[in-house]
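Working notes for the structure below.
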């Protein structure tokens, strides 16, 4: 810079004693207080961020797609194939046949070949998928000619449909649930990962192939609204879930009791110590919920009656509740199967056995339902859902090993409260699905189960103490039995020996879980005490 | 450590589930190499040509294959080691080879643990570990497509680790070994040269260093580099009858040049842009009646070809362009070796040199994008300024590799991998650098993400329906988009390494702005104290460990009540420029944007005066930081600084030497009471000095725009009288948050 803008005042240079002119501050300064700094809350982890959730969901999609590269049920096994073919066949039936033939044995619909036996929402979903499939490649759903089709592009279509269904129903349910404010013992990112990556559901939906995520997702959404006591919306979603898969009946008792308890306006009279029921208010609430439920049901079933004939709905109901099937299928971890050699339940008359099993389910569920009625809180709701669905799985008539998913989903929601029990249960539940994987040539899913088990072990809070080793032991025993199932040579007299042993072991574990859960529920109810709203 | 176990288990599970997925011809390539090395003597390895997939990696890789095949023979899998013309494919081959990749991945996994343990703070440690170890590019390339990239990358990482820890000879040794595994890592060579020139030879001061010391270092480096070459090449050369021929055959295998400028799919580099331009010109000119040969480079074949309109490019042109583009990297030898900044970090040199090779190289394969990716990931864990570049490169890498996966079942995995990798990287940079995701999700980045996703979907499913005549159109568009993104990444990196053109441009813009505003056209002006109710003090503090990450704090005061209203702090990616008298270049935009943001979100905090830590009109150009802030916010400003800028009387240090003692005397004569003195030592008088009660501390106040010097001084003194040292409060706040961040 050639010409500096400032120069030095020469007066100061020449007169070395010249001082700066000082101006003192006039007002008397107040006592100097150190200004108080509020604690900085700029950097702190709060809940789970949208970004972390996105990453978790995308990881789930990646895992689902990777699992989807594997085999599916009934691949290369004519003439009946498996559930994959069943789902495809329903698309074919619903796309090509008029409504009245969907649930009926006709010349073009052989009910012996994977006849539709799920409620109407499944049928509508199949129709939609069938329409899309037809638009892309008609040979995928060509009437009767497409049976047993096995092409790479069709498999990709089915796999993508399962992933999309999962993204559109189950994922929103999980996201809604994670947004609920509650005390956290496990970091929410871990919780999200453990829910999204639960291998039982992934293996059944994206390996074996089914659309369980839809009904379970609708159920999750319903639970979310129940937690916030939005009973009307919740009942809509639950009826939708029920109309997708009748197995959702496992969850219906607690939800019914919860809605009933929430709708009844009880007032606890402080001085006189008695409970008053506000009849008018309660009746109005119940009426609204009942009407919504009824309307949703009607909405689901009207198309059957409208587009079909007067018997279509009856046919559907007959198909949906197939009591002519056996007490259980294959080697399932239900009490009737596991203890059959002792009790010889299969020899008992069917209708008697049906009534007997129903009674046991109801009686074993009664304590938890009663507590839920007295104290309809979010925690008790989830606990009761878990207990009752487990009761159904263990004691009811006609149980399938995949039904354990119905107990697993409420269990996932209890992760924060009781991680040890939930993780133990989930591990056993996954392992009980392993015989299904072997049947589908998906033995590698055991790695998924094992990976989840290890992850859950590292996530378990240290405060669980010795329980963590119990968890480890119990899980490892399950995996040992699964390995036997895969590699062991069974005794010649009993070819199903190892799957059976696994089923028995799982059943015993489930029974222990059930007892503990009931104990835990009753204990925490007694500690918390009945809490109707006081006035 | 607690996340390592579940990550490892999860990775293994996913990779084993991928055993049966699509595998490319590389599987057969590697099987054939194993067969050749197993069955033939050393001398015939590089001459054997039964199968078309001849050995074309350097000898160490051949030895590695030999070891693996020896192991295979040991466990009784000799049946997969047959030399034959056709591919041999069965489950035994597949599972064995997949497992060898799985085992070699362990090296990479350990390398990621080691490199992440070098990071400061547990947060960046965990994040770097997660991002590197789970990177889907490796899953796609190694565990699906089939190669051994992860094992080789482990060596890259270990070499970087050695260089970061100052074990330079070890780093060189590992690099030299790596070169003998796969010669594509020559891309890194110029980066290594520059790093060693700076850090080993201290090139800037090389003449001042003892000559023998330099020679000594040179000899040890040379021998360390030579040793692996001897070990790898000598056995093969000695075992053959004619070593010269043997060497020739190895070299011709390693550097095949009859392949054409671009690969069948155009890797997203300069030549992709060049080809596209040629294609467009070809189409346009043909329409106007020119007779041109049809383009050959869209055929999807690997061959040599000529361009139709533009000049045909040979290997020589590519080499020349690469050398030219390495100039900014070479200019880094201007740096001192002592301070560790992002520019002298080894990863930066490797990044820059590999990117130059990728961008202008001859017959570059898109897989080579791994080479710049790894150093960039490490850099963005250390320095915030690289994090936006990482996001862009992640997009480029994960979408460029899509053509490798084209079999039906795996199609959706491509998009899923891309979206997952992008969001994981986004989470990574947000967590490590304490930024909100919104700051990274700029319009252009989101647009390119959406465009690339759509192109991927069209390429996967719709190409045959939409463009039956030109099946490669979406691949072409993917390549074009990616080369544009990569071009912008490359330019930004070059301007980091060689900032002088951009500095010159910024200075010019800054001076132009000053000339616009220096005529006193500033609109808002404060006439007296009574007009001022809210003042804000702003300061920036750079974090320890990362000079490109800073905290900016603004503290708002009510002047009348004399109390503190609120404070706002933000973590910013700080592009620091050390240019004397141009502080405004680096700080002005952050201060202005923070103030504007607060005014927009909380209008009740709108200040009448901004107090900046810097100069106002007491400045060599009478236009300091405070004036710049005023010019862009439209709010009156005061500059408060702790030092006197002697540059104002010309000559940076002469003034201080000449008058420093006199100034010290003047200042020490000021009574230790709260008040102010006009510092008319400098004429014209634009600076006042404020003295503290019972302290020898002083601050220097100069007015910015829109306010007089006396009012400015009054405000500062008034605040002090109420116990509020304005800039010190902002300074303390920023410093405290910065130290919090550094320790995280």
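The backbone N, Cα and C atoms fix where each Cβ goes, glycine too.
Annotated range for transmembrane segment in TrEMBL, selecting from A:279-301, A:302-324, A:325-347, A:417-439: A:279-301. Of the given residue ranges A:47-70, A:71-94, TrEMBL assigns the label transmembrane segment to A:47-70. Below 8 A, the CB atoms of the transmembrane segment (A:380-400) and the transmembrane segment (A:216-243) form 3+ pairs separated by six or more positions in the chain. Looking at A:352-373, A:445-463, A:469-488, the range that has the most CB pairs within less than 8 A of the transmembrane segment (A:184-204) turns out to be A:445-463. Away from its own ends, the transmembrane segment (A:47-70) comes close to residues 159, 162-163, 166-167, 171, 175, 178, 188-189, 191-193, 196-197, 202-203, 205-207, 441-442, 444-445, 448 of its chain (Cβ-Cβ under 8 Å, at least six residues beyond either end). A contact between the transmembrane segment (A:352-373) and the transmembrane segment (A:500-522) is present, since 3 or more of their C-beta pairs, 6 or more residues apart, lie under 8 Å.
A Cβ distance under 8 Å defines the sequence-distant neighbours of the transmembrane segment (A:445-463), meaning residues of its chain 6+ beyond its ends; these are 63, 67, 70, 185-187, 190, 193-194, 197-200, 202-203, 207, 419-420, 423, 426-427, 430-431, 434, 437, 471-472, 475, 479, 482-483, 486.
Away from its own ends, the transmembrane segment (A:500-522) comes close to residues 331-335, 337-339, 364, 367-368, 371, 380, 383-384, 386-387, 390-391, 393-394, 418, 421, 424-425, 428-429, 431-432, 434-435, 474, 477-478, 481-482, 484-485, 494 of its chain (Cβ-Cβ under 8 Å, at least six residues beyond either end). Only residues 6 or more beyond the boundaries of the transmembrane segment (A:216-243), in the same chain, are considered here, and those with a CB under 8 A from a CB of the stretch are 119-121, 166, 168-174, 176-177, 180, 201, 249, 251-252, 255, 258-259, 262-263, 285, 288-289, 292-293, 296-297, 300, 378, 381-382, 385, 405-406, 409-410, 413.
Distant neighbours of the transmembrane segment (A:279-301): 119-121, 231-232, 235-236, 239-240, 243, 259-260, 262-265, 313; these residues of the same chain sit at least 6 beyond its ends, with a Cβ under 8 Å from one of its Cβ atoms.
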